[in-house]
Amino acid sequence: MKSQKKISTMGLVLIIFSTIFGISNSQTAFYQMGYSSIIWYILGAILFFIPTSLMFAEYGSTFKDAHGGIYSWLEQTIGKRWAFIGSFTWLAGWVITLVSLVTNMWIPLAVTISGKDTTGSWHLFGLDSTATIGVLGILVIMFVTWLASRGMKSIAGLSYVSGIIGIVDLVIFVGLSILVLMANHGQFAEPINMHNMVASPNPAFQSPVSMFSFLVYAVFAYAGMETLGSITDNTKNPKKTFPRAVIIATVVMTVGYLLGILMCGISANWLRDLGHSDINLGNVRFALLTNLGVEFGHNFLHLNTGQSLLMGQWVARFTSLTGFISYLGEFIFLTYAPIKSFIEGSPKKLWPKTMTKLNKFDVPAHALWVQCLVICLIIAGVSFGGSSAQAFYTILTDMNNMTTAVPYLFLVIAFPLFKKKITQNKDGFIFYQNKTFTNVTTVITIFTLAFAIIFTTIQPLMDHDIQTAFWTLFGPVFFIIVAWLFYSHGVKKLNQE
């Protein structure tokens, strides 16, 4: 039998980088905290990404034959109930990500058509702009669910293309930024000085609480490593390869995020270009790219003002079109993959038969439509809540970050129990060999996650923004309660049988 080709250190670094890194995280960070976001990204790498990546590698190596993802990891350490709740919350994180994607994807479409974000003026059936975006999002999730229910073949091609497009976007942003910097003789539009490195120019991030709440964004920028833990045993000499790859990937991504944040400041001055009420978390990426195009036309190509503005529009249009396709590919894949993995990995006896039944395309179609209903209800709740566009995208981003961060608490808290209860194969990947080191690292990581979650919740409350605070907490709390009730009902039903 032909042996399977093993993944090298650099191969694993590329897999980790392509799965987790996103230049849009740097653009969001620059909008929220300016250059001062750099220190938080470094802390996120040291306090969250490195320790959790090595934990997930041990989980994946030990449970290499399990197909239930994080449910399989948690089941044998903290029991079936909490494993179900933890993995259900993990699925909820992807559901909230889908909500965020389906409402954000209209901005690149608007920029592609008009050369700028016009979603604030969109109206259907007499509805305001945020409600209109909500209606469009509901229609799209219904179409995509239908498409995903027809199997992986119908979505694999677009997902592959969207991955290639992501690389093209990165090359355009980096390339134009370097050319503008050369044209400006090394001068940055946003000055690099000690004050800008420690203080945010954004009025919303001036207080200590709001600054600390940014840590959840830094954590989210490194999220996703749990999906790669299972490939540990497909690497060459995993005991050396995996930690080496994690360290290299951490350095590369941290430097990548740092350079991405600095590159935003090459062409954009925060107060001049981003300090407007019409800039929000949904469209800041395209505002930065438009501005980059204008600066490239004016300073590098020496075009006149009108031509430079036109250049900015076309740079924004092209990157918006690629961004829209990328959104669509990611959106379609995430509609299908996480829920299929969760349904197939968790105990089938807990689910109604219709939820686990596969259609002729080998897809749990009924579960997909239930997921679609939940997404539609959340979109309706947020978009018809009467919030402004700026508040709307802030709510969605905070919900996304919070619901994504919470499942990591389950995995990290369970890790010392995993080390105590589970006998690990000596030939597998083992990094945490000292009990004290394991416990100290776990406590620091738990504290980091809890710190980020707590301050993300407190910040809108201190600003008397009850709506944002409610929706930020809604995601994890709602889904934990649903998971608890669902599991309890399932166990009760099984006992009666």
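Cβ coordinates are placed from backbone N, Cα and C, and glycine is handled just like the others.
If you look up TrEMBL, you'll see 38-61 (among others) marked as transmembrane segment.
Counting only same-chain residues 6+ beyond the ends of the transmembrane segment (82-107), those with a CB under 8 A from a CB of the stretch are 68-71, 73-75, 117, 119, 122, 133-134, 136-137, 140-141, 144, 226, 282-283, 286, 320, 324, 327-328, 330-331, 334-335, 338-339, 342, 345-347, 350, 371, 374-375, 378-379, 382-383, 392-393, 396-397, 399-400, 403-404, 406-407, 410-411, 414, 475-476, 478-480, 482-484, 486-487. Per TrEMBL, the feature transmembrane segment maps to 82-107 (among others).
According to TrEMBL, the transmembrane segment annotation covers 127-148 (among others). Residues 98-99, 102-103, 105-106, 119-121, 154-155, 331-332, 335-336, 363, 368-369, 371-372, 375-376, 379-380, 382-384, 387-389, 392 of the same chain sit 6 or more residues outside the transmembrane segment (127-148) yet have a Cβ under 8 Å from a Cβ within it.
For 160-183 (among others), the entry in TrEMBL reads transmembrane segment.
Look at TrEMBL and you will find 203-224 (among others) tagged as transmembrane segment.
Outside the transmembrane segment (245-271), and at least 6 residues removed from its termini, the chain residues within Cβ reach (under 8 Å) are 9-10, 12-13, 16-17, 20-21, 23, 25-27, 29-30, 34-35, 37-38, 41-42, 45, 49-50, 53-54, 57, 173-174, 176-177, 180-181, 184, 188-190, 192, 201-202, 221-222, 235, 288, 291-292, 294-296. Taken from TrEMBL, the feature transmembrane segment covers 245-271 (among others).
Taken from TrEMBL, the feature transmembrane segment applies to 318-339 (among others).
Positions annotated as transmembrane segment by TrEMBL: 367-393 (among others).
As annotated by TrEMBL, transmembrane segment applies to 399-418 (among others).
The transmembrane segment annotation in TrEMBL covers 439-462 (among others).
Per TrEMBL, transmembrane segment is recorded for 468-487 (among others).
The stretch from 38-61, 203-224, 399-418, 468-487 with the most CB pairs below 8 A to the transmembrane segment (367-393) is 468-487. Beyond its flanks by at least six residues, the transmembrane segment (203-224) meets 19-20, 22, 25, 28-29, 32-33, 36-37, 40-41, 43-45, 48-49, 253, 257, 400-402, 404-405, 408, 448-449, 451-453, 455-456, 458-459, 462-463 of its own chain at Cβ-Cβ distances under 8 Å.
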